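Below you'll find the structure, written out as structure tokens, and then a few comments.
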There are 2 protein chains.
Amino acid sequence: MTGERGVPPTTVGRLPRYLRALAGLGAQGVATASSRTLAAAAGVGPAQLRKDLSFLGSHGTRGVGYDVEHLSRRLTVALGLTSRRRVVIVGIGHLGHALANYSGFAGRDFTVVGLVDADPEVVGTTVAGLEVQPAERLARVVAEGAATIAVISTPADVAQDVCDTMVAAGVTGILNFAPRALRVPPAVDLRVVDLGSELQILAFHDRRKTELSS
Amino acid sequence: MTGERGVPPTTVGRLPRYLRALAGLGAQGVATASSRTLAAAAGVGPAQLRKDLSFLGSHGTRGVGYDVEHLSRRLTVALGLTSRRRVVIVGIGHLGHALANYSGFAGRDFTVVGLVDADPEVVGTTVAGLEVQPAERLARVVAEGAATIAVISTPADVAQDVCDTMVAAGVTGILNFAPRALRVPPAVDLRVVDLGSELQILAFHDRRKTELSS
DNA sequence: TAGATTGTTAATCGATTAACAATC
DNA sequence: TAGATTGTTAATCGATTAACAATC
């Protein structure tokens with residue numbers, strides 16, 4: 001049993017930012033950083049940073065700060081980035097294409113092991129060095145690639161079917177870009193990126209700025 | 001002064017989902033929906049749905065439910081989707097390209113009025129029916145297009161500069177895809193989509209499932 | 001009227017922030 | 001030792017959920 005039992009979801013959501021901030025400081029040659037410095041780089045408050053890190057155990061030195069190198073390693077372990085995660089991307093339209101080529105996806109920590117699409121025009125083409133597989137082979141691609149993470153960038157109407165198939169095939173984490181609420185078993189982790197909603201939320205605030213003529 | 005003063009941010013974040021759920025029900029021919037039905041379609045609890053909607057005023061009928069048509073209109077107004085918002089996209093790489101073609105962006109509610117990139121190879125090409133403009137023209141593209149919303153899909157190192165330029169040119173809402181924390185004035189609304197972080201968060205949970213060998 | 005369902009209040013829960021004792 | 005800064009506790013704040021009176 002390690003120290004990070006019961007890390008709150010909001011804290012988990014900030015850990016990647018801390019890791020990135022540390023990488024930035026490290027690249028600048030900074031060896032030790034206070035919570036104040038590190039928090040500023042990550043765009044949060046120092047109290048929040050210390051509280052978040054405390055869930056992973058005690059990794060700073062009082063009166064001194066945090067060792068950039070040591071804390072980076074600690075966060076890398078906490079985030080499960082010590083071994084590469086295998087990812088399948090389903091739906092190779094404009095967005096899926098972009099994701100397959102995205103450096104954050106195909107980088108050090110993740111390996112794209114399969115691309116799947118339903119369109120015969122797309123199947124068989126090579127995207128980001130991989131041949132796009134047909135929809136019928138979805139379960140096999142997941143199982144044979146031993147993928148644990150799936151990215152869904154299909155049209156909304158097939159997203160739930162695709163999701164069900166992949167969960168049955170062994171995926172435990174899903175990143176959904178399709179504008180549709182998906183149902184997954186409790187053991188499967190679901191994250192949603194809803195681009196349309198993001199714009200609409202901006203529109204909400206925009207409206208309140210421009211229509212001050214009340 | 002309308003009814004939606006002080007709508008909590010978490011509620012605002014769910015309004016687009018409600019609007020989409022209503023559209024789905026409407027397409028099925030459903031004229032009236034209870035909070036239970038609508039909440040199920042949106043993937044939230046009925047209590048939360050009613051509480052969220054109550055911030056916009058009283059729009060249901062006790063003992064009956066919500067009129068799908070009427071509530072849709074109400075949400076459309078609340079979200080500021082009665083007039084089209086003008087959007088500029090900066091950084092026309094794989095992702096920017098996908099976003100320019102994304103139906104949720106170029107659809108009924110939003111108009112892409114400008115595409116900007118720094119790469120001479122990309123400048124001058126036509127993407128989604130628009131000619132990509134050079135970086136030097138960024139401020140002019142924003143001002144002349146009267147854009148209020150900006151999408152940043154540039155590399156991280158130029159994101160803050162791009163952001164500053166656009167804020168100065170009149171943008172009031174920013175959707176940032178660059179993996180970098182941006183600073184904006186309080187009056188500017190900033191939303192962040194961090195694709196790399198999303199995968200790392202999935203990896204965090206994935207690790208805890210696969211490494212139960214403690 | 002009786003049954004159903006909203007809108008709202010109160011209770012619970014979790015997250016953030018502030019303050020400070022521990023300690024380098 | 002004196003100054004600095006963590007790790008943690010307590011206080012604040014906000015969001016969710018449950019319960020129910022209002023009312024169609």
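Backbone N, Cα and C define each Cβ position, glycine as well.
Note: TrEMBL annotation is automatic and uncurated.
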- Item | The annotated DNA-binding region range in TrEMBL, which must be one of B:17-56, B:97-136 | B:17-56
- Around the Cβ of B:G93 (NAD(+) binding site), other Cβ atoms within 10 Å, all chains included, total 17
- Note on the structure: For the binding-site residues B:G91, B:I92, B:H94, B:L95, proximity to chain A (Cβ under 8 Å) holds for B:H94, B:L95
- Query: Where else in the chain does the DNA-binding region (B:17-56) make close Cβ contacts, counting only residues six or more beyond its ends and a cut-off under 8 Å?
  - Reply: 3-4, 6-8, 11, 64-69, 71-72, 74-76, 78-79
- Which number gives the other C-beta atoms within 10 angstroms of the C-beta of B:I92 (NAD(+) binding site), all protein chains shown included? 26
